[in-house]
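According to TrEMBL, the feature active site, proton acceptor maps to 1245. Sequence annotations record features per position, and here TrEMBL assigns [2Fe-2S] cluster 1 binding site to 29, 34, 37, 59. As annotated by TrEMBL, [2Fe-2S] cluster 2 binding site applies to 99, 102, 134, 136. According to TrEMBL, the FAD binding site annotation covers 242, 243, 244, 245, 246, 247, 248, 249, 345, 389, 407. The Mo-molybdopterin binding site annotation in TrEMBL covers 751, 782, 896, 1063. Marked as substrate binding site by TrEMBL: 898. The feature domain 'FAD-binding PCMH-type' is assigned by TrEMBL to 214-399.
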């Protein structure tokens, strides 16, 4: 195997696992940032002789580093074929899986935790899962499954009941809140776990001392067995890096193309793991992992008096949030220090704590301080090439010495800091006179920065307000950042520099008051003390309520019951097969895409010669190889003559392996000639009149006349950033050409296989009937796998046709994010006229969306945005206008909500602005303007808002909104630096496509002679449980248990001409088709059943076969009627509406911009849910995804149009720690709609916008802060509400200092900012 894959510079464990066909371990990001590839590594500790288990991400682990270790993948934990492990059973039965792509990683993180702590605390559970991302579930059910193992669980179904909980239950009718029964779970028996392999035990008892060497084509891996050998090797190869965890070197080798011919692995050197304690301090071996360091420091803190552990406590604080559990398990202390990343969380603390580095070489040992000079990489203070870092000495702190650590990141957990700091002060004994002061910052320069000059100038000063003011100004002078500094956010970072020092000032002042008597200090106001408190990590709790099924409903009938996802157990065991899990087929080749590096340019020349000479490279696919159509005139599959954006596909390389294909890409030379104008932003597009399609407009009433009759008029702007789909499974396709008639089998991860089929047909110029698309399951889509998979499928198909070989194309996360586009950024302008009582009389909104370089779905998104802008409000005089901008960015496309989450944020911002001007709470203005009776929308579609009003009232009641509003106001009066906000948002979400033909569906149902039933339909399993719901429908209609039923896959050969699974109607329309097919079959069976009413299902089927009755039926649903006449501005574009309301409460830190989500209550009108567990999961997942859109997910582009945020390191989707501390979801009972299958509703998208309740709660808190500071309460609304936006909006003395202290002048070579935002 090693010989076969010797070309790989550093063979990762994931490649070996894949080669062994252990497909449960998923590859999603390649950077260790998502946790999908988590496995458990077990090693015997040479000192304690205990077996240690730790979770790691295989995408970063070099296989050579695992010598002597046991690796357990999800397949080794349990399987459907042998037995399920309790972890696997519980995560599935707790409904903790949707698409299932992230589930094996979740299972492995929990399994590893349980191997170390069979009865963990909830805090340990939260920490263990902190490095695992999920885009579907919203995390709540995953935590619920994990909490069943916890020693003390604060109620699986949530917090203790609130005071009005009983009333709430009675007002909501007969409801249940139990989605699973804990008592049915098999118990965890630690004695039944896998033992550590005896062979490895023997190896540890007699460890191999000789040096192990692994030779690759380009890299040699050397693992010495003794410390002496290591020093000799380092002397012989001074430029060779030492590699332990590979968490720094690995990503650098991947992203920057760094190649080291020789790698030295000191993993077997016990001297690097020695820990020694003295009376003065603690020495920790450089080889200790950060997880071990955390345990060592925690133990020392428990042993020593507080005054001696100041530095240790500060380090522990950052170790809890530094990266993920998996990374902390792999990364070493020495590697972290030596890497000297500018964003290092530990180096600033170690520097101020006077840590020293113990260095060793063949020449001897020496010690150097971990100082600013070392961190800056100065040769005089650095390691010599032949030296290694053996250990780190961290001295105890002393009395009258105080050390603190600070950090602020885009989100609370698993995120690189924007700015961090270590601060230490030593006072002359018995006084508040500064004897020594050290302040060091990370994230504000190319290296960790020490404010040495400022500290020296403050020596001898008293610790008082005068010192604080002078210190802040000196710090801003010394720690300076130019406007073009890498990372951007310059004003924000400079503000954090002084905000952190202010926090430190308050902390020390509090401690001095305890030590110095009599007290000479004025009391710190209680209102200021909240600045000292960090937001703790809290395990979310919550209640999920849904309507009970009718007591007369047969137990066999699964409709309305919380049935587990059909693939749940397979997700948990890793046996669920995704597109790239399909085994390699004979003569298969790999494809990689070559994309443009210019935003708008003419292609002058292409040189492929060097690429084609690379061994293993088979061919290059260009536009000339396409036998049919190359996309459309404005949207080419492969670029011809010119490129329109960075990331546009120019051609594709086909090779024997993906590594060879990617290596060939590096050798391709393309010459460009820049074209003008280059347009990136909406503002620039408006300036250049650059648009993709005509303006869309709706109007009612007389808006100009209405503006003349109102009491007040407010105008404002709203900016909504874009959003990356970040489906866990990237775009991937496998095309297999057949030997006859130009037939192709295409296995693809898509929401619309028929579109892939049609596109491949036109590209290859062969009939559609020769092409079969197969979709088993999709690892998340959210709209991003509607149109894009057709492009990749077509390019791969051209490669298959040209080479005659099967072609596999799997996008890396970076390429996926670069190429595919996402949610449209929006710029909205509004003008609203209203009366002083809050009644809105006129509203004029104009929206512009950034469509990118081609049309794609931008015109449709614009139409839907305009149609949905009014949300829940009846305003007599309206004018809505929308334009899609043409820019030189990758084309944006469909995304969950399809314009509604962006557009309606503008509408709700209008409401908030009106409330502020009227001096009314926003909820009062919302109530005053809401639809109340049967009415017509702006496009003249009639509807009844009864359920909307019920959702609103139930949400107010369930959340105890009015009482909590008073509590928020009281909290804000008592706290100056922390503010709370609360908001409740109504929603009227229109479901479906605005065309009848897009609502049709078909199904094919076969009954076999043994009574088993195969169901096929046109919907695709994206994680939303559509296959589960379809079998629930078939079970009810055929009156047989679900165990008799099976769904294999979605195939264009079984059900042709399907519609994309999108717009929340997948279960609706396909359910109708399945129902129709089952009813046809049951009608055929009626005579037989009447003849033998006491017979069994199997007997009836056998009799039907004997009587030559067809046991196969096609079901069909013609679709909901829907149309829109844009000329007249009226129509019935949507089949029905989903109503809902959400209330969220947050708390913000005005000094850092951080926030915590205290509570969210959602009430959603699901009518009669087909499956409440799945529907609640959809609501929660959509809410969390929406919350990400509005708070953390930020796309950043270079001034040249290159996407910076191309992975989980830079692009932050919500993590498990971002879930509200209390998260309650209720489905509105006793609601009916005769239109849909069993009176159910599609809930896939609607919950997305409810995430805005968190956004408006944040803006409510910001408004409270601004009001207290006598700053105008109205401000430009910008989403996402990142810590940067929140901090700068909460203007205070420190932000004023930043603006007063000028930025350094920009050099001529950097006339532009570091990043632009769409």
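Even glycines carry a Cβ here, placed using N, Cα and C.
Automatic, uncurated: that is what TrEMBL annotation is.
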Residue among binding-site residues 29, 99, 782, 1063 with Cα closest to the Cα of residue 248 (FAD binding site): 29
Using all protein chains in view, find how many other C-beta atoms are within 10 Å of the C-beta of residue 134 ([2Fe-2S] cluster 2 binding site). 31
Taking the recorded [2Fe-2S] cluster 1 site as 29, 34, 37, 59, identify the other residues of that chain whose CB atom sits within 8 Å of the mean position of the site's CB atoms, giving them in sequence order. 26, 27, 28, 30, 31, 32, 33, 35, 36, 57, 58, 813
Whole-Å Cα distance, residue 242 (FAD binding site) to residue 896 (Mo-molybdopterin binding site), is 45
Spatial separation of residue 34 ([2Fe-2S] cluster 1 binding site) from residue 134 ([2Fe-2S] cluster 2 binding site) - C-alpha basis, Å: 8
Within 10 Å of residue 407 (FAD binding site) (Cα-Cα), which of the binding-site residues 37, 896, 898? none
Taking only the recorded positions 34, 246, 1245, which one has a CA atom nearest to the CA atom of residue 751 (Mo-molybdopterin binding site)? 1245
Between the residue listed as 'active site, proton acceptor' and the residue listed as 'substrate binding site', the C-alpha gap once rounded to whole angstrom: 9
Given the binding-site residues 99, 246, 345, which one's Cα is the least distant from that of residue 1063 (Mo-molybdopterin binding site)? 99
Whole-number Å distance separating the Cα atoms of residue 37 ([2Fe-2S] cluster 1 binding site) and residue 246 (FAD binding site) is 15
Of 782, 898, which of the binding-site residues has the most Cβ neighbours inside 10 Å? 782
For the FAD binding site, please report the maximum Cα-Cα distance among 242, 243, 244, 245, 246, 247, 248, 249, 345, 389, 407 in Å. 28
Among 99, 102, 136, 246, 896, these being the binding-site residues, pick the one whose CA is nearest to that of residue 29 ([2Fe-2S] cluster 1 binding site). 102
Measure the Cβ-based neighbour count of residue 37 ([2Fe-2S] cluster 1 binding site), defined as the other Cβ atoms within 10 Å of its Cβ. 29
Around the recorded Mo-molybdopterin site (751, 782, 896, 1063), other residues with Cβ within 8 Å of the Cβ centre, ordered by sequence, are 781, 783, 784, 786, 894, 895, 898, 1022, 1061, 1062, 1244, 1245
Let me know how many other Cβ atoms fall within 10 Å of the Cβ of residue 345 (FAD binding site). 26
In Å, rounded, how far does the Cα of residue 896 (Mo-molybdopterin binding site) sit from the Cα of residue 345 (FAD binding site)? 36
244, 246, 345, 898 filtered to the binding-site residues whose C-alpha is within 10 Å of residue 136 ([2Fe-2S] cluster 2 binding site): none
When distances run from the Cα of residue 102 ([2Fe-2S] cluster 2 binding site) to each of the binding-site residues 34, 59, 244, 782, the nearest one: 34
How far is it from residue 345 (FAD binding site) to residue 898 (substrate binding site), counting Cα to Cα, in Å? 39
